[in-house]
Structure formats: C-alpha cells, structure tokens
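**Q** Let me give you the structure first, and then I'll get to my questions.
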Amino acid sequence: RQHEAPRRVKRAWVIPPISVSENHKRIPHLLVQIKSDKQQPGGVIYSIKGPGVDEEPLGIFSIDKFSGKVFLNAMLDREENDRYRLRAFALDLGGVTLEDPTDLEIIVVDQNDNRPLFRQDVFTGRVVEGAEPGTCVMTVDATDADDPDTDNAALRYSILEQGPAGMFSINATTGEICTARPGLDRETTGVYNLTVQAADMSGDGLATTAMAVIYLEDINDNPPEFTKEEFSMEVEEQAAGVDVGKVFVHDKDLAGSPSWLAKFTILEGDPEGAFAIRTDPHTNDGVLSVVKPLDHEVRDRFELTVSVQNERPLEPSAPGSPRALATVRVRVRDVNEAPVFRENPRRISVLEGTPPGTPITTYTASDPDTHQIQTLTYALLYDPADWLQLEPHAGTVRTKRELLHPSAFLQGGWYIALVLARDDAEPPLSATGTLSIEILEVNDHAPQLQPPAGVLCGRPGRGGTLLLGATDDDRPPHGAPFHFQLSPQHPQLARNWSLARFNVTHAVLAVLAELPEGLYSLPLLLRDSGTPPREQQQLLNISVCHCGRDGACLDGVLAAATAGAGITLGALMIILGSTVLLLVLAALGAARVRGRRRALRKGLLQRSRDDMRDNILNYDEQGGGEEDQDAYDINQLRHPELFAPRAKPPLRRDAPLSSGTPMAPRKLPSSPSDIEDFINEGLEAADSDPSVPPYDTALIYDYEGSGSVASPLSSIVSSLTDEDQDYDYLSEWGPRFRRLADLYG
C-alpha cells in the first residue's frame, strides 16, 4: 500500500506574518485580506479568533466575514505586547468547514517612544582622599523599555556637571565612574556632586539625568597641633581627683574619627605621677587633673612638658607638625591643712587600778602648714567611762578616776578614746586620733573556796573524800592553777585530813582516820598563780555522817541538816524569805476563800437592791394578819414532821437562772393543805438542784393571804410630810432597813 501524498495547500489560504508599527494612528487600518477559492465569491464566511479578538485585550482586531479583510481597530504598544497570534476560519453558508484553520501572526514594530530610566535618582559612592587616578568609585545604570535589539534602547552615559576640577570620569557604555586626576583632599572638598546623563539611540536619542554623590573618606594626613606653646594653671594643695585645666589642640581631619581623636602624654616635669591628662571626647582638648595630693610646703610649682598625637598613626605622606609639644605651668596654691596625728592609733598600756591624776601619755598632732603660724589645741572627743583628762595645749593624758576589771567599757581588755586636735585658722580644721589603752591585769583578788561546806563519810576509803574548788576574779595569768593546803597554823589537822590536787582548779579532801559524826571546821589556805601570788585562809564546814557499806551517808536528813550549818548568810536569807512568802500567800488564799463563803451566805439572805423579791421576802416569822389566821395554818411550818409531803417528783416552778421557765403562772392555792404542798414542792425542787441557790424557788410566794383590815403603817404619820420627818434613825436599825434608809434617809 502506497502512502498518500501530502495535501497541497493553496497559496491564497497561507498567510505570511504581518508587521504593523506601534502607535499607528490611522484607525481602522487594513492589515490583510484572506480568501478561499473553494466557493464562489459570496459563498464563504470568514472569521478569526485569538488575543485581541475574542480574548483579552478585546476589540483590537476584526474581520469582514464576507470579504475576509482583517482590520486594526486600536493603537498598539509594543512594550505591552510585541506580537499577536490569531486563527483564521473559512465556512460555507451552511456552516461546513471549507478550509483547515490557518495561523495569522501580527508583529508589532518598535518605535523610540520610551526614555531611558536610571534605577535610582541619587547614586552614592565613597573614595578615600588622595586616591590615585583610575580608582573606580561607583557604577550608574539605566534601563530603556524599547526593543533592545534596536537603537531605540542603545544607551550611552556621560557627566554633564561635576565642578571646575574635573576630578572624575565615566565609562560611556558601562556607566562606571572613576577618579580622573590626583589631589583629592577631604579637608578642601569633602563631597562631590555629579550630574550624569543616559541617552538612547547611542547618545543621540531620548535622554534622562540623575545625581551621583561621592564622599571622600578621611585619612590621617593632618597631625594635631596645640593652639599655643605655653599654658598656665593653678590648683589648691591637698586636692586630689580634681581637674586643673585644659590644653587646646586643633586637627583638620574629620571630627570624631580616629584620625581626629588626640592622645596626650606628660613627658617631663612629673616624676612622682601627681598629674594625669585625658582627652575630652567632645572637644578633643586635653584635660589636666591631679591624682595625688600636692603639698605647697614641699613644692609650689610644676612645669610639665605635654605631647599630642592621634590615636591612628599618621600617614607617611603627611607633613610633620611644629606644635606637637607644649609647656604647662602649674602653680600650687597654699591653703589651710588639717592637723595630722603621725601615730594613729596610739597604743599604750596602763596597770589596773592606776590612781587618778597619773599621766599615761602625751598624744599630740603636727600642723602641715609650716609657712603659717598656728596653734593646736586638744580635747577629748570620746571618753565613754569619763576616765581620762586631757591638757588642752600640751596634749598630756592623765587618769581621772580608777578603772578596774571587769568593766563594760573594756573591749578585750582595751579602752578606746578619741582625741580631737584643732588649729586656730579661719576656718579652723581638725583631726581625730584614736588612743587605745590596754588595761593590764593586777593580781588583787585571792581565790575563793567553792563550795564553803560539804558532807562526807567519816570512814577512810569509803566515801571519805570531798571535791573542793576555787574561783578567782582576776584574769589569767593571775588565776589558776590554784594551790590548796591545810592551814600551816594548825599542824594537827594533818593527822585526820589530807588535801591532794585534782586539777588546776580543784582538790580532793580525804579522811585519814575514822571520825565521829558531827560538824567540823577546817581552816584551809588557798593561793593563786599570779605575780605576786595572793593567798587567803578560809574555813571549810564539813558534816561527817554515818557511813554505810557503800560509803554513802545512811542518815541523809541528818547529814543535810548538819551540813546546813555551813550555809552562807545570803543563802539563809533567801530560804527564810521564800518561807515567809509562802506563808503570806497561804494566808491570802485562806482569806479569799473565807470571803467567798461569807459573800455567799450574805447573798442568800440579802439580794441586790434592785431585786424587790429579796427586799419583801427577807423577814422574820411574824404570823398572819387579821384575816390570814383563817387562810393559813402556821403550825404546818412549825411542825413539818407531822405533815408528810406527798410523793411527787421534783418540779421547778420558777427557775430564773435556768432555761426551764414555766410557760404560764402557777395556780394560786385555795386551802391551807395546798399551801403546805406548795411549800414542800418548792423546797424539794430547790434541794434537788445544786446549781441554783435555794432562794431561787423556796422564797418565792405566790399567795400571801387577803388584805388586812388594819390601817397601813404609813397612816401613823400620814399627817406629817417628808420634809418634817427625820429618817436618819433608819440607818441605825441594821441591814434589814438599809433599803428604807436609802430611800428616805
């Protein structure tokens, strides 16, 4: 089977690319006419599709569907779209395709309608001063929106303006700016402003401009210089850490840069290092200060040689400076200086108990102002124990009173006092000296036996020993070790007793022969180790008791009582005082209990004045009135054993101190027997309640009989008024009429 030959396309239906210039102003403009020869004219319908027709941007191209003419309906911009690709169709009147769709390409031809544009309005570059010619600084660049393949986008660069010196040049093709001549000096011109231009059409077309700013970077090509060769200053003596004055310099380099900052050095005139010089970071001047106190009496003038240089080394090509050195003259002004204690603190030693008025030292100060005639006076600034006195002109210190150990004013055996020295200048100055006095211990106390009494068994080898001790108010080395011995004045004691050393502060007393029970007084001699040693004879009260098998006292009570004979007077007074105090407290307690009982009995008989029941019911038996004789039989109260009470449980009918108060008042009795039952029930209820006093129920009567036919008592003196009657006699009738005495008296 043979392959079919490719179909031959008619030339009228193959459409070559169509070129049209952008910005074409004759609208509509015929671009091309397409046609198909498969039908008679008028029998074909043409159409196109694609961008600019039925796709964005719409309405740029159109076609006459019967003639096949393609028209341009709007101005084109190559920078937006440089070509359009459309599809052309040919159909018969019935809509049947006559030709295969064909491509229709429309190319937009560029015109020089865009100026070049710099990427930024101002370009910035830096170059060090003194740079060699040909040193590149920066590159300026621009763009053109026109077709880069045409001269419309062919750019050329140039410098329009840079000043008369012409120190820079620019590469016309690349836009690179470089130095053109030597002699760039920042101190002369620090900034260069260049106007650069970019033009298309190889420099003959459209053009635009921009600014190129070039800064010269400073180098240390100018040394610092003093503004003058000599500076004069003045400072007070004894001043330290103060500024004396400034030395001024000038530097042409960039202010604030390392090439500008100055560094000062004192070369001569200050061998002891009393001065220092630093740089003021704001003004770059040198600040001279005193670091050690100056003494006018020693040296009153200084002549210093000061040099200056930059922190950054000077460039080799920079010239030298004739003003790199300066002379600074400093005058030391004399002022009043405070006195000085050369020995501070002054330490001395004084024996304990030194008598008043004894000179112990002379503590004086010196006045540094040798060129001024001044007088020093002295005073005690601090003397807590008021122990010293000071001669105001000579400075001699004497004792004012005796100071002994122990004392609250001593610190580790030292007494501290402060001495004030003052001159007579105007204004006066003073100084303080410390006087440390060591109070040397003196052996002025003999050791004391502790305890002064004891108990031991009177049989040798079985508890017949007693441990003795001693104390000494003196401090070491005038105290222990202590020496114990039996009194040499009584050699017979050595036959029955012995003393052996136990340690530096204690000794052991032992019985050598069996002794009868009883009290013994042994004279002992105690001596300390001071210089010279102090000794004292003391009595030791010994109670010898009956010995048991283990060497302990059998009769401890007797031994203790016997040993009590050796109790000191102070201990005895304490025991007696404690006994008296206990007796007084016991008496006070008994009186208080007795008073409480008396108050309780008094309260049962007589209540508060505000309790009307007590005032009415506290009375003796008086019988009934004229009409009470029939209503109440008093014999039931006089002989209660004849009338046995009814067996009823206790019932509280009135309890004001309890919560069980009856809800309603009790019913009044109507017969004598009911009165008896009423009273018995009240008594039984009161006796059965230990928490409520008996009067709370037993003395409350709800019924007292009917009224009396007799006249009231007040009728006796009804003819008298209160002003005519004297009721003072009521207070003499006893406690039962105290209420009436208070009302009428």
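Cβ coordinates come from backbone N, Cα and C, glycine included.
Automatic prediction, not curation, is the source of TrEMBL annotations.
Got these off TrEMBL a minute ago, pasting:
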DOMAIN    12-118  domain 'Cadherin'
DOMAIN    119-226  domain 'Cadherin'
DOMAIN    236-341  domain 'Cadherin'
DOMAIN    342-449  domain 'Cadherin'
DOMAIN    464-554  domain 'Cadherin'
TRANSMEM  569-591  transmembrane segment
REGION    647-671  region 'Disordered'
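Thinking about packing and proximity, how do these listed features fit into the structure?
**A** Over the domain 'Cadherin' (12-118) the predicted model carries a mean pLDDT of 87.
In terms of DSSP secondary structure, the domain 'Cadherin' (464-554) contains 5 helix, 45 strand, 41 coil.
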**Q** For a three-state summary based on DSSP, what are the helix, strand and coil counts in the domain 'Cadherin' (236-341)?
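**A** Going by DSSP assignments, the domain 'Cadherin' (236-341) contains 0 helix, 46 strand, 60 coil.
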